[in-house]
Structure formats: structure tokens, C-alpha cells
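Colleague: Got a structure here, written out as C-alpha cells. Questions coming.
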């Protein structure tokens, strides 16, 4: 809830002499009450000639404070010829660089903001109310809303069978999650999730069978529908692979001495059948082949195959939470946000463009470090990668965090998943490309308005400092990351801005807001496993599977978490909404209107397609994509 009531005050200031062109406006605030912080949106000045000049602010003035504002026209440093304006730019950045300091939260991580807790952050980037983002509060409230608190006293006891999980599930009516509950054991549902579930970023076309997965045609021939050998199916592009190598060697959670927890690092082979559906055909639960690491097949005993799939789903959950979601949207967006505040003054057009896309990101991440992913945090309660495994995962995954992998079309292409004709029904790809192009068109227009040539881009020192800050601190100066140290052309700049906006908005939406849909049915996304992976075939029973799945308490924590994480913020701002008018120029406002129109068209296209779908895909519909990472 906001802590202030908006007011508009008008003051007549009469001066006897001609002031000339107004360059700056200074606002001073005296402290009268304990909590009298003032959020100033903007000031409008009327000149003696009847002209109105807008001075945007959108900042807090706290204590005995003052703010010096420039008018709303965006200016590059080269546009400022007057000494007082140059000085204002420099002083603003000097102040910000003292407030927004880099810090290493854990070795090998992207650097983050230097703040131990939410209240240590600069006032301008704090949430209006800390309660709304209190994870402990939200998870507990979620469990209350879901009527699952009554199971918490049985924290370490197992469920009795799959149907037993319905006791914590049945209270919420949700089309997708109910469909998952009813069909989770089916190979079609298992395969579909790699395309359009919570983590649609791992599946890749298999161009060569890896030696570490010694699967043969004989093993899988009952799954192959084209009368071809496995090798021929690979050559025809019908075989896909998901390799959880990242989890190999990661320590499982040992924070609870009463419950042993386990991880695996599976390799899953999938097949595009004659109906163009993706189905699993072979699963090996660890990386090194051998007698005690068999390859599980659809032709195996029912529960052997089911448990192998459950292990893959659990592994997918871990990679999704820690890498796809935390590292590749939250932490990356924070890097862009800190660099933005440190290197671009409020008058800079790129600051004006991006500030809406880093709204509350630094705050939510700080809160997560304070309560969620810290030592003894909430993450440890239910997840097998808690207790430090998630930290090891991020350190390992930093090797693969490249600039190109954040460029959506290139990332899809690199996995061999770009052909819509060849791989239909990959809605994450189809919708993502539409949104990417809409953002790129918009950023290119804005860049064109303020940069009349590539030379102006190359000579914009503030912009170069912003890009360099991201490279040096965010990506730890690693050349292999492929992050640019500088940007020389308008085209490269609009691509870079698209990466920033797409990562914070669309990519985060695609991997965050489906968590309740896909992960609330516990056997479909177990956050932990309480027995090691099977080392032989023909021994798995239903009782064994239920005893391997999370206990009642961890199931409840998990359910509260995925529910809370799937909710939008109060007063959410969606893609294309810019209520804070940092830009006042007509050409940019027209570009924003065109952007919104493009996004509306995409909303209609997606809605039309979803009409015919039993399983609609809506995470990348622009009216469901928040502007920034804020949950």
C-alpha cells in the first residue's frame, strides 16, 4: 500500500527581473514530522509567455533534503554546453555512485547491491511497503489461503499415495494445474512441459548422441514410429535431448538431520513422433553410464519408468528455480539496474527508457537475499538444493551465462529449436519472438530519435560507462561471457536495450508466473527427493515412490512458495505502460503509442490461438508481462 496521498500544489512566484531560460529548479524540504518523506512526481512551470515547462522527478525527498531538477527533455552529455548543466550531470552521478555500490554476495556470482536488508537501500528504489514483499509473511499467508496449515504438524511424515497429495491441492481451482494433476503420468504431458512449461529453455535438438548415454536402436525401437534407426532419426532431426549435467556434483541439502535429501543429474532423450508431439524415449539418471546407472525406457515396468520421469521433473525444478529464474532473470536484471543508476543521469534518454524496467528489481533481490536464498533461509526448508547447493549451481552456471544466450532469437537458434514448421506447438518460442521484435522495433525508434549516427553512440561516454559497468561488475569482466565492453553502433545499442527490457519483462514472465500451474501438483515438480535414484530395474513400487517424494511439511512449504511467486504485484505495471512520464518529447510518446499498439496486436493473436487449446499458453501475452522483475 502507498504510504502517501497524492496532492497537487500550485505556487505563484513573481519576480521583477527577466530570468531568461530556466535551466534548473531546486526543491528544498525541511523535516517537521517523524515520517514526512515526500514523493515528488513532477513540477510544471508556467512562463510569463504562457508556455509550460515540465520538470519530471519521480523521486523521494527525505529528511532535510533537496533535489535539483532539469526539464523533461532528454539530453545526451554532448547536448549540454552550459557549465551549470554539465556540473549538474556530474554531481548527480557522483551522488548516485556513493549510494549504489557493488557488492559480492557470494564468490562467482554477478555482483549485487551493497545492502544487507531492504531498509538499507536508497529510498527511491525501496518498495512502498515492505509487507507486500515479505517472503515469510507471503508464504505463510499462501499456506493459509490454500488451507494447508493443518498438515504442517506432520512435517516429516510421508503421504500415503498419489491421491493423498490432493488433500493439499483440491482447494484451488486452476485449469492448468488440474490438468497436470490428471495427466502428469503421461509421456505426452511430460514432453509438452519442456516446450511450454515453467522451464522451456533446456530442450535442444540432438545432433549427435552423447557417448555418456549409450542408448541403442534396440532399446528404443518400440518408441520410434518411422521405421528408422535411432541414428537415422537423429539425422532427420527427430531426436531431442535435455541434459542436467549442471546438477552433477552439487551437494544435496543437509540442513535437516532427520531427513536425508538427494539430487540426480539425469539425461533425457526425447522423440518427435508422427503426430509432431515430443515424448520421452530414454532416461539415464546420472552422468556416467554403468550397471548401477541403467537407462530407463517406456517399455520398462510402469513404476520404473514413472520414477525415472519424476527424477527428471525434480531436476528440472532445481535448474528452473536457481538458474532459469534466479540467475538469468533476477540477478541479471539487478546488474542492469545498478549500472543504470551508477552511470546514467536522469536526463539521459537511456535512463528514461530503462528506469521502468528495473522498478523494484533491486528491492526484491535484496529481500530474497535477506529471507529466501540466505543461509537458513526459506529456500532451505523444502528444496534439495538448499543449504548451499543453489549457490554452487549459480557459480557453475555463470560459465554459460553469455550475452548471446540472452538474445532470444539467437538462444532459440543455438538449441536448434527455431523451425516452427519442424517443431510446431512451441508457444514459448513463437510468442517470445513476437514480443522480442516489438521491443526491438520500439528501442530502435527511441535510439533513432536521440542518436543521429553511429558516431554519436560511440562518443556517448555515459552510455559506454553503463555498458562497461555491466561487463566489469555484473559479468565479472569475463571475456567468455561475450558481453560488450562498449557499443559502437545504433543497431547494437537497440539490441542491447532489447536484451535489458526483454530479460526483465518477457523472459521473467515466461519462467515465473506459471509456477503454480506446473509445480503445485507435487509429483510433477518435487522440490526434494528423500531416497537416492534407483540403481536397478524391476524393483520400484508405488510405496517406494511415495516415500521418495517430499513429506507433508515440505510439500506445504513448496506449495506456499509457488503460489506466492505466481502472484502479480499490487498495482502491477505491464509491458508498454509508462505512467511515469520521464519523456516529454512528442516523437517518443508517438513511439510508445506504436509500441502499445503492436503489443495489443500480439495479445489478440495469442488469445485467438488459445481459444482452441485445452492447455492455453498465455505467459508471454503482453497484458500478462510485468514491466520489471518485482516478484
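Just so you know, glycine gets a Cβ as well, placed from its N, Cα and C.
Automatic prediction, not curation, is the source of TrEMBL annotations.
Got these off TrEMBL a minute ago, pasting:
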- 36, 37: Ca(2+) binding site (BINDING)
- 325, 330, 508, 631: Fe cation binding site (BINDING)
- 1-75: domain 'PLAT' (DOMAIN)
- 75-631: domain 'Lipoxygenase' (DOMAIN)
- 60: site 'Essential for stabilizing binding to COTL1' (SITE)
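Map the listed features onto the structure and describe their local environment.
Modeller: Every protein chain considered, the tally of other Cβ atoms within 10 Å of the Cβ of residue 37 (Ca(2+) binding site) stands at 15.
In sequence order, 133, 364, 512, 565, 567, 568, 569 are the residues of the chain that are 6 or more apart from residue 631 (Fe cation binding site) and have a CB within less than 8 Å of its CB.
When pLDDT is averaged over the domain 'PLAT' (1-75), the result is 78.
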Colleague: Which recorded positions from the set 60, 330, 508 come within 10 angstroms of residue 37 (Ca(2+) binding site), judged by C-alpha positions?
Modeller: 60
Colleague: Other than 325, 330, 508, 631, which residues of the same chain sit close to Fe cation? List them in sequence order, counting a residue when its Cβ is within 8 Å of the Cβ centroid of the site.
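Modeller: Apart from 325, 330, 508, 631, the close residues are 326, 329, 333, 364, 511, 512, 565, 629.
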Colleague: Out of 325, 330, 508, which has the highest number of nearby Cβ atoms, where nearby means within 10 Å of its Cβ, if these are the binding-site residues?
Modeller: 508
Colleague: Measure from the Cα of residue 60 (site 'Essential for stabilizing binding to COTL1') to the Cα of every one of the binding-site residues 36, 325, 330, 508, then give the nearest.
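Modeller: Nearest listed residue in space: 36.
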Colleague: Sorry to bug you, but what's the C-alpha spacing from residue 36 (Ca(2+) binding site) to residue 508 (Fe cation binding site), rounded to the closest Å?
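Modeller: Taking the Cα atoms only, residue 508 (Fe cation binding site) lies 35 Å from residue 36 (Ca(2+) binding site).
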